[in-house]
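Per TrEMBL, the features are as follows:
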TRANSMEM  A:21-38  transmembrane segment
TRANSMEM  A:44-64  transmembrane segment
TRANSMEM  A:69-87  transmembrane segment
TRANSMEM  A:107-127  transmembrane segment
TRANSMEM  A:139-157  transmembrane segment
DOMAIN    A:171-389  domain 'Cytochrome c assembly protein'
TRANSMEM  A:177-194  transmembrane segment
TRANSMEM  A:201-221  transmembrane segment
TRANSMEM  A:248-268  transmembrane segment
TRANSMEM  A:303-323  transmembrane segment
TRANSMEM  A:338-356  transmembrane segment
TRANSMEM  A:363-385  transmembrane segment
Ligand code: HEM
């Protein structure tokens, strides 16, 4: 696989193009405008967060170029939706564009639909070995993520329409974090897809997203979980805003790595069969269609390093939050304990790979099993165990 | 990397084992599995719960294994200790080698060894040493130049050695975090318990009587416990769970609760829990007022004070007692305090009245079952809407109490103070159950136009008063005659039927009538007879009420649907009171709320160490993952040069880096 890399390595600033600077200006202008509008209402923390968030967004766009289009696009869509509300939540059911596209629920339903379509497209592309279909799959994944992020932004705004004391960032319950999970997993996949030129694995990664989408649909149609609820006192904390997203970068990358693990196992199985059959044999079905095992292996490793870093940070932030809310940074609450278990699991994985130098099958299996452990920490604890995190119940 | 000049004795093989990767991975795995145990089994429950759940044998076994508090059990701490030991040994073992490696430039590399590297190439052309040095500098390498005896010049360059630093950061961080955790853990306490210096108290006795051996001094390094304080009361100790009992931890200050408050959102969900407290230093007497909220603890003297729970703090109550055995008696006023027990004498018998919690807000979901029978478009509509009107309603204050008779038998009651409106009529609700595990059965007593139960009680008194039956029956019969429901010939018989039905109903309500039917009436006639009884009762109840009103000197109830419904509800109420099982009906009429706030207090001096370790951990992980250690060698000899590269990992990135550097160096050659 040829990697598209320029041989030049000039310093960061020299590498920035006019588009980069334009994007940065746009983000900073938006932040400045926000400040002019709401500056008086912000306290120090909020001002610091505004500044930090804008710089972070600029950095994100410089680091990952598609973000320069993706983020402003979802911002514009969200602003469009918000402006249609005229401050009245009921318009979500009457104004055409809100009702069918831009109210948070409609946008999220679009996200769900687009993810389904993307999955189908990726599989069709894999079966027919069609690059065009797989490109379409990527495109659909991008649009699904776009609608998802837009939906989250609009939901954030809607929560304030319900009541000024109700408004909060939409990362406060299982429904909201599931949308976040789909979004983050998809975006991380899109990043690696481009970096490794390995679009073929999309068929696998999208499966886990589809599963999450299925859950979202069940959860909102059957359980009405999409209702916006105000925050109970335990959740009214700064820590929530960073702890939860950090956690979901972790969960997203672990899920991603598990799906890559499955893909790698299938390729390796084909390779083994070919070996048994002697050198003349055709490569197997998956081996013909998927990237080489070591490429998938490296993607998986990269995903786990990102996941591990963010999961570490999230756990530490969780501890700091717990120290504010529950009277101690560590209480051996089931959710905390399972976070530790997940963390230990991937720490062991990393050691085996980096220190012992293992590669291939055993680690791929381990990554697949890792998702079982991770899902239990994410969902199982809420379903089967009780504890201080009980507001996350199904 | 390791130098094994050591004697290969037992000590060194133990060191070898403990600092080995194998052992570390094993420990990580064991720790993970051990942690699962404590999440599956609920921790720190009262011991009787466990005994009940597992039976005596397994209860003992699990107790011995320490499964009720896994994370503080000896074996768990031993695993942790081994992890700390293993990580420390790993650092001492790898550390010196890593430091040496970080410092070294590997400038002894020979042409042969460079040629053997995976990323190595020989280029044609001559290049000035200054140009190489300049290039390496621009690329951010640190390097060493070595003029070799054979006339060749070797540039040994390195970049990203901070990667190795990451190893130190991350692994030392783990040791630091564990030490911090250990300081805050209850290890000293466990040791105290082991040698018998500290003995948990298992009895439920007043704080002041708890013996010295169960008390911990205010100088205790770290602790975590709870105390519940009622409004305008103080506390200077907290209680710490310890196995089957508890310990009393003295505080360096006194906490007085001025006020506890709860705010609610519009939809009835709680929005704020907060306590206004005053902290008085025991030594200096200095008073500090403060407010503690969830997520906003107060820190005094290194002790963090948290809002943990809340409840009733013993509120004065006013109740109206209706003697159910003597329905004609006027109600008496009764005073009490929630959460307290007081004697009650009724009809010559002694009872204990044990008040439970006063709850001022009772938020109930009054919406019916969520419809399954929704159409598709209704469901779509719901799925689009982020706000649903929940039928959450505050049904007002309630008090629960147990009434225990001389034999120790108790029934539990729950009395609501405010009327509840159902289908346009108001009721007073009272729940009753004979066992704690059962759900409450609710009694609905209809309220009169003034919103009181007095009229109902008057109706009941008249219904149970056989002295009035003649008059009532006469009235009912007269009406029946007038309405031509009966013939004059039947008058006598009808009148006695009315009296009989009233008497039977007074004895045991509807079920007494039913029982009579079951025992005396052939099955095929029961339905018809039952209907007759019901009709008679429904007719007579109007007259019962009229007579009761007249006797009380009050105007009769208006004859309309609303009041007729009142009377029918009244019949149901009177009937249900037969199963109420209490000698008195205690109606909550007033209270003065005194709340209590549950505060948790912790002292955790290891916290900063843990945070510091966490910061180191994050820095370490970033360095290890995202700083790549690369070595680059440029060996110039005559008209040729050799470029070689190595990295500790990430071979794919190395491929492109190597290509880039060779291309650039080639460019320099061409430019020269
Ligand atoms: C709680 C236990 C431990 C945790 C969570 C932990 C975590 C980590 C992490 C996250 C890495 C990064 C992988 C990398 O990118 O290099 C690492 C590397 C490493 N760990 Fe551990 N570690 C633990 C215990 C140990 C122990 C006990 C040893 C000793 C055998 C050890 C030896 C190493 C080594 C040699 C490396 C590779 C360093 C390098 O080559 O840069 N670790 N560890």
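Cβ coordinates come from backbone N, Cα and C, glycine included.
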Contact call for the transmembrane segment (A:201-221) and the transmembrane segment (A:44-64): at least 3 Cβ pairs under 8 Å, seq gap 6+:
no
Please indicate, using numbers and ranges, the residues of the same chain that are 6 or more beyond the transmembrane segment (A:303-323) and have a C-beta under 8 Å from a C-beta there.
188, 192, 237, 239-240, 242-244, 246-247, 249-254, 256-257, 260, 329-331, 333, 336, 339-340, 342-343, 346-347, 349-350, 367, 388
Positions whose Cβ lies under 8 angstroms from the transmembrane segment (A:139-157), at least six residues beyond its ends:
66, 70-71, 73-75, 77-78, 81-82, 85, 102-108, 110-115, 117-118, 121, 167-170, 176, 179-180, 182-183, 186-187, 189-190, 202, 206, 228
Under 8 Å between C-beta atoms and at least six residues away from its ends: which parts of the chain pack against the transmembrane segment (A:21-38)?
47, 50-51, 53-54, 57-58, 61-62, 68, 71-72, 75
